[in-house]
Amino acid sequence: MSDVTIVKEGWVQKRGEYIKNWRPRYFLLKTDGSFIGYKEKPQDVDLPYPLNNFSVAKCQLMKTERPKPNTFIIRCLQWTTVIERTFHVDTPEEREEWTEAIQAVADRLQRQEEERMNCSPTSQIDNIGEEEMDASTTHHKRKTMNDFDYLKLLGKGTFGKVILVREKASGKYYAMKILKKEVIIAKDEVAHTLTESRVLKNTRHPFLTSLKYSFQTKDRLCFVMEYVNGGELFFHLSRERVFSEDRTRFYGAEIVSALDYLHSGKIVYRDLKLENLMLDKDGHIKITDFGLCKEGITDAATMKTFCGTPEYLAPEVLEDNDYGRAVDWWGLGVVMYEMMCGRLPFYNQDHEKLFELILMEDIKFPRTLSSDAKSLLSGLLIKDPNKRLGGGPDDAKEIMRHSFFSGVNWQDVYDKKLVPPFKPQVTSETDTRYFDEEFTAQTITITPPEKYDDDGMDGMDNERRPHFPQFSYSASGRE
């Protein structure tokens, strides 16, 4: 590939994602799609640490005159999350120059990717998603909504719902995430959805939720995922108030193992919190993200402060600095602090005060905590991501070597050879005692599958189908 060059550079005002002030940043747009910002104009274009660094590949651009004239918004992907970044410049001409340059780079990258996909459908793991998976469904009959019994509602969000289902043919239980296409397409979430599908397909780790099938109907996308019914860690912790250090060490080790795996594949999870940590029926961790807790992105005019849980935000995310893998180690610090101390390390109902605590306040520990536990949590909750435990080039290995985890055999962790400290009291795979009663008490309302023909595609209007090419997938093609 040819050398990466600068397409455009200059000063722009960037709006904070969480703390909504404007900051001057010197941005460079490069041919590889990177859009990187610095506090000062860099003397050397290969400076190692830009404050802001994201890709304009597959981005969408919007122009608006609010909250300031000559504003433009870039909406793009960070793993499975759609993010928006807001900029403004002094003149309409300047804005036009930036948006045209960004669009041109994004279009060229799109063409290059299409050419690559046509040339080598299965040569890279990143591209397995659509080609190989679609091929696999030619040997295994494509799944439809008729293939499942719909048992209980497990969760609900902006884009759809998660339902406990039973596969008729095998009798196995799964969690099916059903997304309405109109909602996703209306909110420009197609890229997000397809990326999430590809990430799930390529993910194989004992402590990460795996995808069994994905398919589409006329108006829905369906992900059929591994189902674990041991309940959210949040549920168990709120019942017991605190976990012992041994129990926390067990869960912490399984989380570190999973994050190490993701990071080795250049994926930052970014959303670690108790609600996304579940237990399987044996008491092992499963990191899930049914993608329903994110409340979507509002339009540019309303600029909702944030989606997600502010208590878990790392300082570098709050300050709109570039962030990488170390953001996950901050998240690990917060969840392990909660487990051992029974409360969040930083909390205030007033979000402005909460942000100030996250950025400025030192953490305090209960006297009962061991020195190893204090040392681990202090290291994980260092404000500067470059100084944080795990923030160096060794990433997870740095945490694995910490004295808190001494005596842990990491291969045994991965192989599930360690005995879980708690076994959920579930009587069967359909036992949903650990799920939120608000959901499990509801009756399930989805359009009856009989309304679809066997393919589930009959009468598909040409308006919607092209957004989701080759979406079907069956894991059995790989096993």
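Placed from the backbone N, Cα and C atoms, the Cβ positions cover glycine too.
Per Swiss-Prot, the feature N-acetylserine maps to Ser2. Marked as domain 'PH' by Swiss-Prot on the basis of sequence analysis: 5-107. The feature ATP binding site is assigned by Swiss-Prot to Leu154, Gly155, Lys156, Gly157, Thr158, Phe159, Gly160, Lys161, Val162, Lys177. Annotation source Swiss-Prot lists active site, proton acceptor at Asp271. The feature O-linked glycosylation site is assigned by Swiss-Prot to Thr302, Thr309, Ser472, with similarity to another entry given as support. Residues or ranges marked as phosphothreonine in Swiss-Prot: Thr305, Thr447. The domain 'AGC-kinase C-terminal' annotation in Swiss-Prot covers 406-479 and is backed by sequence analysis. Positions annotated as region 'Disordered' by Swiss-Prot: 445-479. Annotation comment: Swiss-Prot describes Ser472 as phosphoserine, evidence class similarity to another entry.
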Secondary structure composition of the domain 'PH' (5-107) [DSSP: H/G/I, E/B, coil]: 16 helix, 49 strand, 38 coil
Cβ neighbour count (within 10 Å, all chains shown) around Gly160 (ATP binding site): 24
Lys156 (ATP binding site) to Asp271 (active site, proton acceptor) - Cα separation in whole Å: 18
Coarse DSSP state, helix versus strand versus coil, of Asp271 (active site, proton acceptor): coil
Distance from Asp271 (active site, proton acceptor) back to Gly160 (ATP binding site), taken between C-alpha atoms, in Å: 19
Packing count at Val162 (ATP binding site) (other Cβ atoms within 10 Å of its Cβ): 24
